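K.L.:
For reference, the structure I am asking about is given below.
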Amino acid sequence: MPSWAPSSSRGNELSRVEAPVTIRGYLLCVFAAFGGILFGYDSGYISGVLAMNFFKQEFGRKRYSANAGAVDNPDAYNGFIYDTWQKSLITSILSAGTFFGALFAGSLADWVGRRSTIISGCVVFSAGVVLQVASTTVGMLVPGRLVAGVGVGFVSAVIILYMSEIAPKAVRGAIVSGYQFCITIGLLLAAVVDQSMHKDMTSRSYRIPMAIQFLWALILGIGLFFLPESPRYYVKKDRFNDAARSLSILRGQHVDSVYVREEVDELIASHRYEMENTHPGWGNCFRGSIWDSASNLRRVLLGVALQMMQQWTGVNFIFYYGTTFFQHVGVKNAFLIAMITTAVNVLSTPISFWTIEKFGRRTLLIYGAIGMAMCEFLIAIVGAATHANSHTSTASGYVLIIFTCIYIFFFASTWGPAAWVVIGEVFPLPIRAKGVALSTASNWLWNFVIGQITPYMVDKGYADMGTNVFFVWGSTCALCIAFAYFFVPETKGLSLEQVDRMLHETTPRTSAKWVPHTTYANAVSRDDSEKTAAQAAEHQDSTV
Ligand code: BGC
């Protein structure tokens, strides 16, 4: 079996805790990233469907005469349009479903297992898709999106947990970044499918984009049947033989090999240590001091805030409202530009597969936020200067387009993947499923909030900020720099158990220099031998 040595492991003297990475093991772990397609496609397809003429006619009502429609409401088709509240409900109900789905999955993943939760997520999701495809009214489409959202919530929260737990430490960052890559592919596929169906004037125009969602659920659900359950879940359930069997499949080693035995020993010792300090309930996610970077409360706040800040980078302003915004500020060919930004998103993400292991999560987050903030301030300043001179210049249009693309490049190669990678790594096993679930729910909550408030920031009749909105995103990105610098620890090259120990022994700013100096299993056996020696000495004393 081909194998390649971990390149970014810290503390090589302890790298024996894990077997060398094999191509087969790598591919097994990478398959789960496919769940990202579900996430990306589902959040992406609806904006195109809402813009389809047949959809407007079928789901909307006639509010204008056919001719007046174009004048009174340029969005209406033949006078048909849905109400604004319906549009907002159809779009945002998915985030509501995912928010609750993610939270519920946090309990389910500890109860029935990570793999089974993702598979049930695919089943729930498919039920939602049936409702969507069958719908001809908003009243039926909304419950369909809600149910599908719950399924996406299961999948999006637990995939990160599952991937982080099964991946070898040297490539864990790259493997979890693969999930972000799939999100970007999902977004692109949605744009392409919408684009190719939007002229069709039958129900196929919206039913095909909706029905395609089945395919993603089917591939993910069936594929996962062939993957093993997370060994860390088995350890949590005291099923050590199952944990060893699962690890032997994932690492491509015999179940009795020294690698498998040592890794299982380490998982068990670390879990026992953590269980002495933490219990698995939801309440324990909020225990401990906010000043202690290893406390559960601090780790949960880190995960929740990291996902919140990822949304505050402003990325979805481009993906959700990019087309209308570009049109609004006078850029010609806004649809084309939107396709270009989506393509830049896909093409830039793979860079992180290498950089996340080479430079680390923390470095990527700090420099990525600096890059994004610079682009956003530049767009805002050039926009404001052009506006002050009261002429629309082609130059400012180019600045907007070019720096939006560079901004997306920075997001896709840094905050996009790294925010997901870090939340999979910072929680101790007893609360890991719940911590990842809370962080994912935060992503969806802020996704929803920002999606709701953004139109009021840019629309005519409201704040109508134009390119000045980039002053807001530039400032929030500046906060992201400070957040990453002060609060995000460096986790690259460490096993999840070593991350746990590192958090106990360092602060975020000193974390990158930390190297593992002992394993939990060694510490336990040292404790045991110290205890035995003390008991022997006591025994000797009492017999003297
Ligand atoms: C974010 C999404 C965003 C996507 C863009 C993800 O990491 O969580 O909100 O739409 O990246 O690629």
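For all residues, glycine too, the Cβ spot is worked out from N, Cα and C.
Caution: TrEMBL annotation is automatic and unverified by curators.
This is the feature table in TrEMBL:
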- 28-492: domain 'Major facilitator superfamily (MFS) profile' (DOMAIN)
- 525-544: region 'Disordered' (REGION)
- 21-41: transmembrane segment (TRANSMEM)
- 89-109: transmembrane segment (TRANSMEM)
- 116-134: transmembrane segment (TRANSMEM)
- 146-163: transmembrane segment (TRANSMEM)
- 175-193: transmembrane segment (TRANSMEM)
- 205-227: transmembrane segment (TRANSMEM)
- 300-322: transmembrane segment (TRANSMEM)
- 334-353: transmembrane segment (TRANSMEM)
- 365-386: transmembrane segment (TRANSMEM)
- 398-423: transmembrane segment (TRANSMEM)
- 435-458: transmembrane segment (TRANSMEM)
- 470-488: transmembrane segment (TRANSMEM)
K.L.:
Counting only pairs 6 or more apart in sequence, are there at least 3 Cβ pairs under 8 Å between the transmembrane segment (146-163) and the transmembrane segment (435-458)?
P.N.:
yes
K.L.:
For the transmembrane segment (470-488), give me same-chain residues lying six or more residues beyond its boundaries with a C-beta closer than 8 angstroms to one of its C-beta atoms, as numbers and ranges.
P.N.:
302, 305-306, 309, 312-314, 317, 361-362, 365-366, 369-370, 372-373, 376-377, 379-380, 383, 415, 422, 457, 508-509
K.L.:
Could you check whether the transmembrane segment (175-193) packs against the transmembrane segment (21-41) - three or more CB pairs closer than 8 Å, residues at least 6 apart in sequence?
P.N.:
yes
K.L.:
What is the average pLDDT across the domain 'Major facilitator superfamily (MFS) profile' (28-492)?
P.N.:
90
K.L.:
With CB pairs under 8 Å as the measure, which of the listed stretches 116-134, 300-322, 334-353, 365-386, 398-423 comes out on top against the transmembrane segment (205-227)?
P.N.:
116-134
K.L.:
Please indicate, using numbers and ranges, the residues of the same chain that are 6 or more beyond the transmembrane segment (365-386) and have a C-beta under 8 Å from a C-beta there.
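P.N.:
Beyond its ends, the transmembrane segment (365-386) has Cβ neighbours at 313-314, 329, 392-393, 395-396, 399-400, 403-404, 406-407, 409-411, 413-415, 418-419, 422, 466-471, 473-474, 477-478, 480-481, 483-485, 488.
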K.L.:
For the transmembrane segment (300-322), which recorded stretch in the set 116-134, 334-353, 398-423 gives the largest number of Cβ pairs separated by under 8 Å?
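P.N.:
Comparing 116-134, 334-353, 398-423: 398-423 has the most Cβ pairs near the transmembrane segment (300-322).
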K.L.:
Report, as numbers and ranges, every residue of the chain located at least six residues beyond the transmembrane segment (116-134) whose Cβ falls under 8 Å of a Cβ in that stretch; write 'none' if there are none.
P.N.:
32, 35, 38, 97, 101, 105, 108-109, 140-141, 143-155, 158-159, 162, 207, 210-211, 213-214, 217-218, 220-221, 224-225, 229
K.L.:
How about long-range neighbours of the transmembrane segment (398-423): same chain, 6 or more residues beyond its ends, C-beta under 8 Å?
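P.N.:
Non-local partners: 160, 164, 172-173, 176-177, 179-181, 183-184, 302-303, 306-307, 309-310, 313, 315, 318, 322, 326, 329, 331, 337, 340-341, 344-349, 351-352, 355-356, 361, 364-365, 367-369, 371-372, 375-376, 378-379, 382-383, 435-436, 439-440, 443, 467, 480, 488, 491.
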